[in-house]
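A.B. asks: Below is the structure I would like to discuss, written out as structure tokens.
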């Protein structure tokens, strides 16, 4: 029915494109008329458009300036200031709408100017990344359509080789005419710098400035780059700069402007693949013990060995039962299913288990038993697990220690509860009801109980992470070990992620497992998810070759529509049906035979793998056949440029992990078109259809011929976890023999269903993450807005007096109702250094309101005398340092509290409570307490700080700013159990300096990647700090003048 309707009315994408053709015709009309203009006249057209936009919005901008001037009035009440601020926000919304209206009007002329400029540059040489580049690009009509879509704040899906980099220039040029800045977001530093140098000639021709944010730039250079009309950079750099700006101690330290318009290259990679990994700036945890993992490792190793032996025994007995003739017996079927289920939950990657599950009816027996035990919220699943030492839920990436496992790990001379958490509630109740204990004894007992709980919970957590490291994470698959370090391999690209670390102690557990040095732990200082960071932009757009499959997620989370752009030339690549084998061994043999066949024909082949281990296995098999080939994986990434450059040549065989699937452009050598173009041979389906489409997209660029096919086995992770049961039964019915290959529509549909299930599960995780982070996002906005206002304002007296009014009201109410005059005087004196001097009669006669006025007026008089004594400048510094210092300190403590809350919140589900609802309620309570503490301590600092203390505090703030540059760590970390009910893609943390190495990696255009190590920066003065030479001048005016 849907196809019938599409035939009549056309698909959504057809209708989207149809609406844009009239604009393309208008662009081309202007383009033809501009050909006769001189260069100066063409530049003049750009200036005309700028003036036209400025004229359209100038009155609205002037209104904002007028309102902001009113905010500088120190006599305003807080209510009046808030009213003006609300009015400004309304006018800014009006300004944004008017700006978009003006840009839409000039779009055809602006795009025509870019097209004509590109035509004039054809044949001209200029340097790009140290090489000479000859300009040879003029936008096609389909590229103009892509540019219009980007300007409209949508996602433009364009096939490989269709010139996305040039497409981005069109809306970038248009939106840069406003002077408010455009950010172009790439996936690494190399692409940011390359694209900037590549496209700069067009922008500079019209006097627009272009910058690039790179990982190793100092703050003052970043500020210069952000001030440009157009700024290229990575999502991490933009995000971390936002967090750093909200930790700045001086307005001059803020590097970014407002978030106006961003275009994200490879938008699906950034907004979907990276969405589960929050950006986190963290600092070292003082006195953290990193040896705890090594201490407990021997016990875990013994436990894992015992489990392996137990599973081997279970499988031996199950194999005998499978081969006996009484399989029709229901009890026998149940026992076979139970044995297989125990093996699956004890060691799911066991080779014998994977082999047995492929036996006729075995998978059905196991599924029947599992369904039985999963009834009533898995109430009886413990009966399956109690025979094991620990149970593994591979789909959800969780491990649980059983009672049998706890007893096994506890030494004979130790407390039998060595790995059991005490029941704090029950024990506290016992202590409180024990009449033999004094109050002091009770306090001591409770402290001992809390310490015991803390020690044991940490011990159990360490065991859990070590078990995950030994049972769920495989070397040369999820990670590699190089130069004594555990390095994570990106599951989506196959590249090593230097500097990234798994979170929540998992990385330390892997380091203990591999016997390398265990690095220290960190604590969160500032955090935001990429999802919420990119929502800060007034307008957001993106481009990629694969977005259509995730269109619903883009719209639901980001309100971004996906438009598929037609190709300039028709795609002639042949995408063949999947070939399905029963075992990996059969599949690999078939892959080698196909490679041999293609090489004899002279056709180049790119073999895509999902892990380092598989790529090396295939490489060994090819060597045995004496077939020349290149391997490209996380261990050989330095050779990437050379390998990719030769991958399209005659007889070339290239084995590559997913790193060859994105950002690479394989060009065909001479005579390759005649033999069929590049052949793509995928050795396994990825859990995401997008990654498979990326691999297919390496062939068939710009109308080139090519072929793609996937070889799949039932032992592949995707099929084993999500899709093999029905496929096995079909293969059994078809009488499948070893070595047979199946090409069946039902099997292909089963694979697609499996992928959809995983995609839906991952979408649910990302959506859940967003729901949790929205709680933090609202709190973050309140704190950062409050902080930014304090940072930018010269005086904060209005805010201080507003806090004072609240303080006076609350204290008057509290102490008047308690009839505690002395307590009130003592507390006000202690917190504000103000003596309110109340007699008993005055206390009784004034009443609650009168006492509040007395506190307020006495404190205001004190504050004004202090102001007269110290002067406006010093008071402004005291106010600012009070507000910023307290906000920073309390926000860090709040983030630690939130981290603690997340760790245990999922346990509330066992009490039939919704963890998300519980999290929202608990987080709100913590936030209310945070605001109260910030208000009280800010007020106290503002009143009690005097010049000597202020001077010390003044040096403290820039010191913190410097520490931020030297010691703080920028992390990219995935949500733990509080966020997800399924396996995270990669729970990682990224060290800011070490991550420079990752950002500097070229996808396929550098001769040799420079190997980078984590950079430890020596302490350097800030530009506004006193020069260390002792001259008394600021560093930027002394020895830092040329820095």
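Here, residue 1 is simply the first one shown, and the rest follow in order.
Here the Cβ of each residue, glycine as well, is placed from N, Cα and C on the backbone.
Note that this is a predicted model, so its numbers are computed, not measured.
Not my notes, these are from Swiss-Prot:
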BINDING   143, 161, 162, 163, 164, 165, 665  ATP binding site
REGION    980-1043  region 'Disordered'
COMPBIAS  980-1005  compositional bias 'Low complexity'
COMPBIAS  1008-1022  compositional bias 'Basic and acidic residues'
BINDING   1027, 1029, 1038, 1039  Zn(2+) binding site
COMPBIAS  1033-1043  compositional bias 'Basic residues'
A.B. asks: Can you give me the same-chain residues 6 or more apart in sequence from residue 164 (ATP binding site) with a CB-CB distance under 8 Å?
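C.D. replies: Spatial neighbours, sequence-distant, of residue 164 (ATP binding site): 146, 156, 158, 265, 543, 544.
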A.B. asks: What residue among the binding-site residues 161, 163 has the most other CB atoms lying within 10 A of its CB?
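C.D. replies: Buried the deepest by this measure is 161.
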A.B. asks: Among the binding-site residues 143, 165, which residue has its Cβ surrounded by the fewest other Cβ atoms within 10 Å?
C.D. replies: 165
A.B. asks: Take the Cβ of residue 162 (ATP binding site) and count every other Cβ within 10 Å, whichever protein chain it belongs to.
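C.D. replies: That number is 23.
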A.B. asks: Could you check what DSSP calls residue 162 (ATP binding site) once collapsed to helix, strand or coil?
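C.D. replies: Reduced to three states, the DSSP call for residue 162 (ATP binding site) is coil.
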